[in-house]
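Working notes, structure below.
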Amino acid sequence: MTEETKSLNFIEHIVEGDLRQGLDPSKLRFRFPPEPNGYLHIGHAASICLNFGMGLRYDAPVNLRFDDTNPSKEEQEYVDAIKKDIEWLGFEWDKELYASDYFDQLYNWAIQLIKNGKAYVDDQTSEQIAQQKGTPTQAGTESPYRNRSVQENLDLFEKMKNGDFDEGSHVLRAKIDMASTNMLMRDPVIYRVLKKPHHRTGEKWKIYPMYDWAHGESDYIEQISHSICTLEFKHHRELYDWFLDQVVDEELVRPKQREFARRNLSYTVMSKRKLLQLVEEGHVTGWDDPRMPTISGLRRRGYTPMSIRNFSETAGIAKRDNITDLALLEFQIRNELNKTAPRVMAVLDPLKIVITNYPEGKEELLLAENNPEDQDAGFRDLPFSGEIFIEKDDFLEEADKNFFRLKLGHEVRLKNGYIIKANEVIKDENGEIVEVHCTYDEDSRSGSGTEASMRRVKATIHWVSIKHALPAEVRLYDRLFTHEAPDANKEVDFKTYLNPDSLKVLENAFVEPSLANVMPGDKFQFQRLGYFNVDDESTKEHLIFNRTVSLKDNWAKKGKKH
Ligand code: ATP
Ligand code: MG
């Protein structure tokens with residue numbers, strides 16, 4: 001899908017409306033403004049695809065702006081990870097910018113506010129200030145410091161800046177309206193004292209601007225035409241506009257804030273604070289754990305940039321809060337990998353099969369099609385011998401007529417190979433099956449053109465030749481949470497719903513030898529088992545595969561289990 005052929009979402013309709021009203025198309029400019037306090041997640045991808053998508057559609061620049069106004073939570077590690085993820089998604093930003101680059105300008109504007117009688121220093125504690133806020137139906141109380149002289153405010157603000165005051169002792173507030181029906185307009189704090197080093201400005205600042213003050217003014221400095229944010233900022237729009245009113249020059253572009261609904265995904269949480277908690281408490285192995293809804297987690301799980309972009313496009317941009325079904329994301333990757341992933345064979349839980357009538361010591365190469373969905377994918381050689389592994393649950397000693405796989409006295413076809421028949425079960429002293437003795441029909445090799453090769457049996461199963469197979473570790477992932485909306489109920493800790501079976505590690509798996517030289521990020525369909533991605537920690541000596549998704553939606557089949 002190209003930008004031109006996609007239908008417009010409601011934000012793009014707003015932009016179109018502005019263009020019709022005479023906005024110069026060359027003035028269009030967008031931004032993606034992450035706070036570098038965590039890794040990007042699939043929710044951010046919605047915002048990235050929206051903003052960069054508009055950049056492509058209108059041939060307009062899109063800035064990457066780090067909203068780094070809170071030094072206590074922000075780190076360089078996050079900046080680097082965010083850049084990597086956006087690049088991986090395939091988007092190019094125009095300029096890499098930081099709200100902290102504007103600290104001087106923001107400070108100077110704050111001085112201007114004070115001089116214009118639009119801001120004052122408040123000596124009260126945050127609790128006292130909160131108590132005076134009032135309620136939505138009742139006006140707030142004015143601070144006793146509200147009517148300080150300009151000179152006194154300038155002196156105190158200077159002292160705040162110089163670090164003469166302790167954290168929490170003084171704030172700078174905009175002087176707006178303590179009776180406003182919008183609580184955010186009741187003299188919001190715009191600067192606080194914070195004696196923390198900043199990841200970019202170091203020890204220079206002892207005061208830091210609040211989000212609302214920094215964000216709109218940063219948009220203005222960068223001449224962003226449309227500042228798109230999520231719905232929880234709807235009430236902030238009035239304040240955003242008030243702050244702009246204090247500084248705009250009519251000649252320049254006045255940014256417009258518009259809001260869309262956050263992307264929520266079922267069976268996961270999206271808040272960075274909660275994701276950080278999962279990481280720090282060891283519920284997952286890191287931000288890039290393949291169970292995480294982070295871009296880095298999805299990448300390690302086996303998702304592709306295209307699957308995430310297609311998901312963002314089909315899930316759409318909504319005006320109201322909603323939960324998008326995880327199945328929609330899985331559908332996208334399944335759909336893509338069905339066309340692109342080479343088919344191979346792997347046995348996750350092996351059972352040894354001895355083909356008693358296969359000539360001792362003989363080996364042969366069978367021909368296997370790499371991808372029936374892709375005519376150019378070609379064929380590969382698949383070694384076969386008299387001892388193979390099949391999946392344990394593909395065999396039953398005795399089974400009813402509904403079990404079509406291998407059972408004593410019955411036949412199955414080995415994928416790309418022969419028809420075998422199970423004759424005898426060998427057990428250990430505990431009664432566990434250790435191997436199954438079979439015979440094969442010598443004339444039945446797939447593709448050989450003989451009558452026996454066309455013979456229909458009830459099932460085809462996958463296998464690997466023991467002598468040739470490579471050992472591998474296989475990690476099967478499931479939903480991280482058992483609840484569709486783990487953090488919807490504020491009374492219950494979202495971690496209560498962690499799925500204890502979200503990871504199953506199979507250390508005794510085997511894969512066909514064509515996988516000897518795979519690299520992290522290579523993707524395959526393990527036939528009959530699902531799509532798998534080579535893990536970042538996989539090496540030639542220790543192969544590790546992550547299951548991205550099963551071949552079908554298993555949850556849909558099982559029905560609503562939770
Ligand atoms: P979180 O609550 O996960 O920490 P955030 O909004 O604080 O998210 P930011 O780094 O401030 O995270 O977000 C950067 C941009 O991405 C913002 O424009 C924000 O609106 C957008 N964004 C964040 N989460 C989502 C989401 N779930 N769906 C859509 N857009 C999102
Ligand atoms: Mg934020």
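The backbone N, Cα and C atoms fix where each Cβ goes, and this holds for glycine too.
Bear in mind that the values here come from a model prediction, so they are computed numbers and not experimental data.
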Motif ''KMSKS' region' range according to TrEMBL, out of 219-223, 224-228, 264-268, 269-273: 269-273
From 12-22, 34-44, 287-297, 298-308, the residue range that TrEMBL assigns the feature motif ''HIGH' region': 34-44
Within the domain 'tRNA synthetases class I (E and Q) anti-codon binding' (460-535), residues counted as helix, strand or coil by DSSP: 7 helix, 33 strand, 36 coil
Chain-internal residues near Ser271 (ATP binding site), provided their CB is under 8 angstroms and they sit 6+ positions away: Asp487
Assigned element (helix, strand, coil) containing Thr230 (ATP binding site), judged by DSSP: strand
All-chain count of other Cβ atoms within 10 Å of Lys272 (ATP binding site): 21
Residue pair Lys272 (ATP binding site), Asp67 (L-glutamine binding site) - Cα distance, angstrom, rounded: 14
Which same-chain residues, if any, lie at least 6 apart from Met270 (ATP binding site) yet have Cβ under 8 Å of it: His41, Ile42, Gly43, Arg262, Arg263, Asn264, Pro293
